[in-house]
Structure formats: C-alpha cells, structure tokens
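Now, the feature entries from TrEMBL:
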type    : residues                    : note
BINDING : Val39, Ser69, Glu86, Asp132 : S-adenosyl-L-methionine binding site
BINDING : Asp132, Asp158, Asn159      : Mg(2+) binding site
Amino acid sequence: MSNIVNPLIEEYIRNTICKNEGLLKEMEEYALENHVPIVQPEVSKLLEVITKIQGAKDILEVGTAIGYSAIIFCQSSDGGKVTTIERRADMIEKAQTYIATAGLSSSINILQGSAEEVLPSLEGTYDLIFLDAAKGQYMEFLASCIHLLKPGGVLISDNVLYKGMVASNEYVIRRKKTIVKRMRTYLDYIMENPKLVSCLLPIGDGVAISYKNKEA
C-alpha cells in the first residue's frame, strides 16, 4: 500500500495548493531526482498553517535532510528561529547551501549528530517540535521532545502511518515489522499520555499532532 489516501482525493487536495516557485521548487526537484525524502505538499501546507496559528517563535526539527521543512517553518514564523538536527554531513552541506540562498542562515541553526545524543543536550524550550527522523526511533526521542516542548506547545510527528502498514498487518512488509511495531507503540503512547492531547491525520504518510497541556 503506497497511498493512505484515495489517489483522486490526494490529487484534488494537491491541486488546491499553490505550486512553489524559485528555491522551494528547485529543492522539490532535487529531492525527487535524488530520492531525498521531504514533506509532501499537503503536509508542507499543514506545517505552515500550524506555525502561523501557534505563533511559533522557537522551533525544533528532528531530521533536517536538505533543509526544506526548516525553510518552510522559518518563512511561516514571524521572525522565528529554527534549530534542526541532522546526522549526515552530506545533507547538512546541502541544507546549508539552500538555507544561505534563502537568506536564512542567521535564523536556522543546524546541529550535527544523532537525535538521541543531541536532544538531551539541548536547553530551553520550544513552541513547536517537528519529528521527522528515523521512524523506528520515535519512542526514543519522545521523552526529550516532551521535556523540551513548552506547555501549550505542539509536537508534529510525520510518517506515522508508514505507507498504511501501521493500520493493518495486511500491508506489513516482513522487513518492516520492527518499525511498524515501534510506531504503533509510539502512537499508543502519545494518544494515552495525560500530558498530551493528540490526533492522527491521514494526509501525506500520516501525521500526528500533539498538544502539550498547559498544566503538564
């Protein structure tokens, strides 16, 4: 199962979204040609809307890739700052080039390293956290993310339905069983955690949105 949404509905939704031009379009083309995973158009628009609704100024991203979503966050916030974590040096180099071209080098800070090592070292709190790294490790990142998230802040987790495999064993590929099992555990946890109010959206590859209670 490659699509979690009816292709006709997905096509219609994407056709309602204005196509990017300039740098973002260039990044989309590069990602497609080089098999670099970036957020899908409808998820990109969701990130933009939530950033604006939240009035997010301090944003943390786990998983930079080429810097596509970091640029979207920065452009969607009103003078906000983005801290983003990436372990691959080649991705960081590419992201830095794009970020510089966007004129956002002073607003986006890339931290090199594995998320499980970098997250516990961070200080301060964030209005919005975007989790888009190794899917089988979301649970390992979660405690740090909740700790770093301000009360009233929002945690967005991408790819949580994982090509539909999370929803039904019928779709699970044998070599993906461990990732699917871990993602189900993650979703159960964020849906039941009293510190969070969470929902799942069947767009892109599945997105979870979690609000951290102000009394948490």
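Here the Cβ of each residue, glycine as well, is placed from N, Cα and C on the backbone.
Known features from TrEMBL, placed on the structure.
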{"residue": "Val39", "record": "S-adenosyl-L-methionine binding site", "contacts (Cβ under 8 Å, 6+ apart)": "Leu47, Tyr68, Ser69, Ile72, Asp132, Asp158, Gly204"}
{"residue": "Glu86", "record": "S-adenosyl-L-methionine binding site", "contacts (Cβ under 8 Å, 6+ apart)": "Gly63, Thr64, Ala65, Ile92, Ala95, Ile110, Leu111, Gln112"}
{"residue": "Asn159", "record": "Mg(2+) binding site", "contacts (Cβ under 8 Å, 6+ apart)": "Asp132, Lys135, Gly204, Asp205, Gly206"}
C-beta crowding around Asp158 (Mg(2+) binding site), within 10 angstroms: 24
Around the Cβ of Asp132 (S-adenosyl-L-methionine binding site), other Cβ atoms within 10 Å, all chains included, total 23
Hey, for the S-adenosyl-L-methionine site built from Val39, Ser69, Glu86, Asp132, who else sits with CB inside 8 A of the CB center? Ile38, Glu61, Gly63, Thr64, Ala65, Tyr68, Ala70, Thr84, Phe130, Asp158
Listed in sequence order, residues not in Asp132, Asp158, Asn159 with Cβ within 8 Å of the centre of the Mg(2+) site Cβ atoms: Val39, Val43, Gly63, Phe130, Leu131, Ala133, Lys135, Ser157, Val160, Gly204, Asp205, Val207
Grab the S-adenosyl-L-methionine binding residues from the record (Val39, Ser69, Glu86, Asp132) and give me their largest CA-CA distance in Å. 16
10 Å Cβ neighbour count around Ser69 (S-adenosyl-L-methionine binding site)? 25
